Amino acid sequence: MPLLDSFTVDHTRMNAPAVRVAKHMSTPKGDAITVFDLRFCTPNKEILSERGIHTLEHLFAGFMRDHLNSSNVEIIDISPMGCRTGFYMSLIGEPTEHQVAVAWLAAMEDVLKVVEQSEIPELNEYQCGTYEMHSLEQAQEIARNIIAAGVSVNRNDDLKLSDEILGKL
């Protein structure tokens, strides 16, 4: 099985909260696609609560679009990582890590402005596979933690696993 890009970086050296360009690629027509690793938690040390990450999934996707989409950037998808330490964001365009960090912090501020759980988008059995597994309180706690810590940048060159280490794994 081919080694996926996300497994060629050293998770023991990742900072969090931090943004990282996980992948650049182009469509056959030449459109740039960028995948970002939005790392909320330090891998293997912290984890996002399942209710909190699920509520963030519903809120974060819309709020990030509000702050990052433009004439040359369009978010395709924002999905939680299976390890529950962050989200992957795929988009058309090539915003800088700084632009993404600014949008991320603004989106976290928006999460704090949500007053009631009933304001969470698509919170019903028709549009959500586990619509009862949500917590606005936990999502807002995550948002407060991100705002308090700030968002840094993880660079692939700093995190690259050596061929020697990869050969031993």
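Placed from the backbone N, Cα and C atoms, the Cβ positions cover glycine too.
According to Swiss-Prot:
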BINDING   HIS54, HIS58, CYS128  Fe cation binding site
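All protein chains considered, the CB of HIS54 (Fe cation binding site) has 22 other CB atoms within 10 Å.
Taking the centroid of the Cβ atoms of HIS54, HIS58, CYS128 as the Fe cation site, the other same-chain residues with Cβ within 8 Å of it are THR55, GLU57, ILE120, GLU122, LEU123, THR130, TYR131, MET133, HIS134. HIS58 (Fe cation binding site) counts 18 other C-beta atoms within 10 Å of its own C-beta, drawing on all protein chains shown. Around CYS128 (Fe cation binding site), a 10 Å sphere centred on its CB holds 17 further CB atoms from the protein chains shown.
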